[in-house]
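Enquirer: Please find one structure pasted underneath; my questions will follow.
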Amino acid sequence: MRAYLYRRNRTRIHRTNSENEPFSENEPLLREPGPSRIQDYEQTQANNGMADIGVSQAALVEPRGDTGRKLPQYIAALTATLGALAAGSMLGWSSPVVFKITQANSTDYDFEVSSSQGDWVSSLINLGAAAVCFPIGLIMDALGRKKTMLCLVLPFTLGWLLITFASNVGMLMAGRFITGIAGGAFCVTAPAYTSEIAQDSIRGTLGSYFQLMITVGILFSYVVGSYTSVFVFNILCTLIPIIFGIVFFFMPESPNYLVVKGRNDEAKEALIRLRGRNYDVDTELSSLISKAEEAKNNPVSFLSAITKKNALKAILICYALMLFQQLSGINAVIFNTSTIFASAGATIPTAIATIIIGVIQVVATFVSSLVVDKLGRRVLLLFSALIMCLCSTALGVYFFMQEVHGADSSIVEAISWLPLLSLSLFIVAFSLGFGPIPWMMAGELCLIDIKAFVSSTAGTFNWLLSFTVTSTFNSLNKAIGQGQVFWMFAGIMVLGFIFIFFIVPETKGKSVDEIQIVLGAEPQTQTNTTNKK
């Protein structure tokens, strides 16, 4: 008499032969059987003189190992983040250009741009991004992640053309606002897309590519914008979203989105393209279909979905990380780059100093992409908050001493090395943790039924905070002093460290279901089934 014991939550199948003796432990184990593998297995048993055993396919489907090709996923993620490169060039554009066009002898445009108008030209992208973040969540749920990002090529190109061929300040401001809309939309769609196409083991790495390409785009603007004419620079910026559209056109749609829309065949083909043809996509596809059917058969209102314990905790974490990112003082540090270099006694020109900071950002963000799936999100955030707090404190001490004793005093000269060191370490720490990770957390923490809403509203919150900080920083310096402002940023980072330590969970290598359980969702119990004959 032969007995087969199938355990759903184990990869090993326990079995005995006709003499009721166990098979050798060294024999091949049955893993990941699709329908064809079940047939092959039963045929093998029949050929060995064994009777067929009736067994359900569901009992044989076991959890997959993290197999499959990773290269197609890297390519798709990098292609998607070419939109982030376009957004980065938009963010970095104002640093070299606004200084040029606000000069009295500027010939880059046929009209004059005052200093106050230059401030608006710089900051309008924040308002454009904030305006689009909420509706873009609804749009990408209706059209899909891929189509939405392809549609964004149009406003990006239109905005850059308005900037390039502007005949008055109004056209220039309109172009900046429209490019801000496109850039802000990419900040929502690109992280959502990359989190949905990635396997768990590389999800963090792919998610960090978004911030990496942002920093590359900023560095591109610093370098090219400083050493070319404004017209040539604008043309090059216009080409980036066009190149993105051409390349990304050939990438697959998010399998999660396709399953939710009932396009299972397309979802399977997308998974094969992303994982390779030797990968058994049936199990992953079945899991996605099961979740989609469960959501369809047990409909939950949006209000109910967003007020669940795990959803509320995810929203709190996403919003808080965006808050701490923008109130960390990153913009204050960037704005003071030239002052800090000069205070340290450096004779480096402003353009070179800015490029150095851009290079530091790119290198540190690249390092973060390499270690985020090894060290984890939580560790990097804690390290980032701690180092940024110390650096802000040191900058505050320097500027406070400068205000009290004067820039030429001996005590200030004795610590002239402090601001340059603090600046560099601050940028490194931000780029390792608080730069990339807040943008990827909405994609990791939220289920697909609320992901678009949380991503979009968190993005809106981030851009509004950015606009507030950039527009009030100078007046805040005058009101309470530059040193005290940096100490305020340091205090905010202390609060951020405490919040991360007690509230933010580690998501490294965890599946969506595992993350939801960590956030407080009820685990879905699975009963073991035993088939005997």
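Each Cβ is built from the backbone N, Cα and C atoms, and glycine gets one as well.
All TrEMBL annotations are machine predictions without curation.
Pulled these from TrEMBL:
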- 12-35: region 'Disordered' (REGION)
- 74-93: transmembrane segment (TRANSMEM)
- 80-508: domain 'Major facilitator superfamily (MFS) profile' (DOMAIN)
- 120-140: transmembrane segment (TRANSMEM)
- 152-171: transmembrane segment (TRANSMEM)
- 177-194: transmembrane segment (TRANSMEM)
- 206-224: transmembrane segment (TRANSMEM)
- 230-251: transmembrane segment (TRANSMEM)
- 314-334: transmembrane segment (TRANSMEM)
- 340-367: transmembrane segment (TRANSMEM)
- 379-400: transmembrane segment (TRANSMEM)
- 420-440: transmembrane segment (TRANSMEM)
- 452-473: transmembrane segment (TRANSMEM)
- 485-504: transmembrane segment (TRANSMEM)
Enquirer: Is it the case that the transmembrane segment (452-473) and the transmembrane segment (314-334) have 3 or more CB pairs under 8 Å, with pairs at least 6 apart in sequence?
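Expert: Since 3 or more Cβ pairs under 8 Å link them, the transmembrane segment (452-473) and the transmembrane segment (314-334) do come into contact.
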Enquirer: Can the transmembrane segment (206-224) be said to touch the transmembrane segment (74-93) if we require at least 3 CB pairs below 8 Å and skip pairs under 6 apart in sequence?
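Expert: Stretch pair touches.
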Enquirer: Which sequence positions outside the transmembrane segment (420-440), separated from its termini by at least 6 residues, show Cβ-Cβ distances below 8 Å to it?
Expert: 187, 191, 194-195, 204, 207-208, 210-212, 215, 318, 321-322, 324-325, 328-330, 333, 336-337, 340-341, 343-344, 346, 357, 360-361, 363-365, 367-369, 371-372, 377, 380-388, 390-392, 394-395, 398, 462, 496
Enquirer: Would you say the transmembrane segment (74-93) and the transmembrane segment (177-194) are in contact under the rule of three or more C-beta pairs closer than 8 Å, pairs 6 or more apart in sequence?
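Expert: Contact between the transmembrane segment (74-93) and the transmembrane segment (177-194): present, because at least 3 Cβ pairs are under 8 Å.
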Enquirer: Using Cβ atoms only, state whether the transmembrane segment (485-504) and the transmembrane segment (314-334) have three or more pairs under 8 Å that are 6 or more apart in sequence.
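Expert: Yes, the stretches contact each other.
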Enquirer: At least three Cβ pairs under 8 Å linking the transmembrane segment (74-93) and the transmembrane segment (230-251), pairs spaced 6 or more in sequence?
Expert: yes
Enquirer: State the non-local partners of the transmembrane segment (120-140) in its own chain: residues 6+ outside its ends, Cβ under 8 Å from one of its Cβ atoms.
Expert: 90-91, 94, 98, 113, 148, 169, 172-173, 176-185, 187-189, 192, 452-453, 455-460, 463-464, 466-467, 470-471
Enquirer: Would you mind listing the long-range same-chain contacts of the transmembrane segment (230-251), meaning Cβ under 8 Å and 6+ residues beyond its ends?
Expert: 75-76, 79-80, 82-83, 85-86, 89-90, 93, 96-97, 100-101, 108-109, 146, 149-150, 152-153, 156-157, 160-161, 163-164, 182, 217, 221, 224
